[in-house]
Amino acid sequence: MLGGGWRSLGTALVALGAGALLRAGPAQLRAVFLHTEHEQRKSKTVAQANMKVEVLPALTDNYMYLLIDEETKEAAIVDPVQPQKVLDAVKKHGVKLTSVLTTHHHWDHAGGNEKLVKLETGLRVYGGDSRVGALTQKVSHLTSLKVGSLNVKCLCTPCHTSGHICYYVTKPNSSEPPAVFTGDTLFVAGCGKFFEGTPEEMYRALIEILGSLDPETRVYCGHEYTINNLKFARHVEPNNVSIQEKLAWAKAKYDSGEPTIPSTIAEEFTYNPFMRVREKTVQEHAGETDPIRTMGAIRKEKDNFRVPKD
């Protein structure tokens, strides 16, 4: 057991890269080690006629996403913390990787950028923060990018970090659902911690920006936090049937090693307490009548929430 663990640890450290390793703190190294215990997590392909998304588990509970334009076979990678795994997926799909879409600068999202650009030269690296490694173009709110024939709109959603970007992907003249890559702003049934922002900023990010997207938009978030998020959601709204049903579904998926990603914007409004801060049931739980104050109250509660085992 120990020997296998050390071998896996060595593999993990090689995957992370020496530069990122030197910058990593104890918590980061722990996550690199723990990801070896989660290697049974399965990848998943979400295929549409115009775009394909390969869901790539990384580290302990992270997700990377290979976005493929089916028309041109051009691809972008979202948050490539494990570069070799990314390149293996690129080879598997027979596509040309042209760009990196970085949601934010945290090491478990941007920590693989510098190694990836050395392994695959000529990549364009996008992000909304100068702290993003190997950055070639800093983007801002509503900056437009292209991945083959796909349109990518940058949505500035500061709060988790001040330079956080979500990437909204559409295909012109298509009736298929768009996709949005939300990093650590919006999770399934949750949201990111307010490390560099305020409840007002998260309200704007979730309700006014992401919440105004096409309801059928598929949400690809940065972490597999779904079960714990839904347990907190159940605590906030114990009589919400949508939460109960989603939790049972998520447990079954997790037990089989499958991702619970993607959700949709419409679904998030039914079970995500941070998307439901205008609902009376959530406000009553928080003891507030204002949605922004409710956002702050339930985030503070979530930060100290002890997740039940059931």
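Keep in mind that glycine also has a Cβ here, set from the backbone N, Cα and C atoms.
H104 (Zn(2+) 1 binding site) counts 29 other C-beta atoms within 10 Å of its own C-beta, drawing on all protein chains shown. Under the DSSP three-state reduction, H104 (Zn(2+) 1 binding site) is assigned to coil, being neither helix nor strand. Taken from Swiss-Prot, the feature Zn(2+) 1 binding site applies to H104, H106, H160, D184.
The Zn(2+) 2 binding site annotation in Swiss-Prot covers D108, H109, D184, H223. A sphere of 10 angstroms centred on the C-beta of D184 (Zn(2+) 1 binding site) encloses 26 other C-beta atoms. Following the DSSP three-state reduction, the secondary structure of D184 (Zn(2+) 1 binding site) is coil.
Secondary structure at H223 (Zn(2+) 2 binding site), taken from DSSP and collapsed to helix, strand or coil, is strand. Around H223 (Zn(2+) 2 binding site), taking its Cβ as the centre, 21 other Cβ atoms fall within 10 Å, counting all chains. The feature substrate binding site is assigned by Swiss-Prot to K193, F194, F195, H223, E224, Y225, R299, K300, E301, K302.
A C-beta separation below 8 Å, combined with a sequence spacing of at least six in one chain, links H160 (Zn(2+) 1 binding site) to H104, G183, D184, T185, C191, G192, K193, F194, F195, E196, G197. The Cβ neighbour count for E224 (substrate binding site), using a 10 Å radius over every protein chain in view, is 24. The 10 Å shell around the Cβ of F195 (substrate binding site) contains 13 further Cβ atoms across the protein chains shown. Around the Cβ of K193 (substrate binding site), a 10 Å sphere holds 15 further Cβ atoms from the protein chains shown. Report note: the Zn(2+) 2 site is defined by D108, H109, D184, H223, and the residues of the same chain whose CB lies within 8 Å of the CB centroid of those residues, excluding them, are N62, D79, T103, H104, H106, G183, G222. Residues K193, F194, F195, H223, E224, Y225, R299, K300, E301, K302 are recorded as binding substrate; their most distant pair of Cα atoms lies 21 Å apart.
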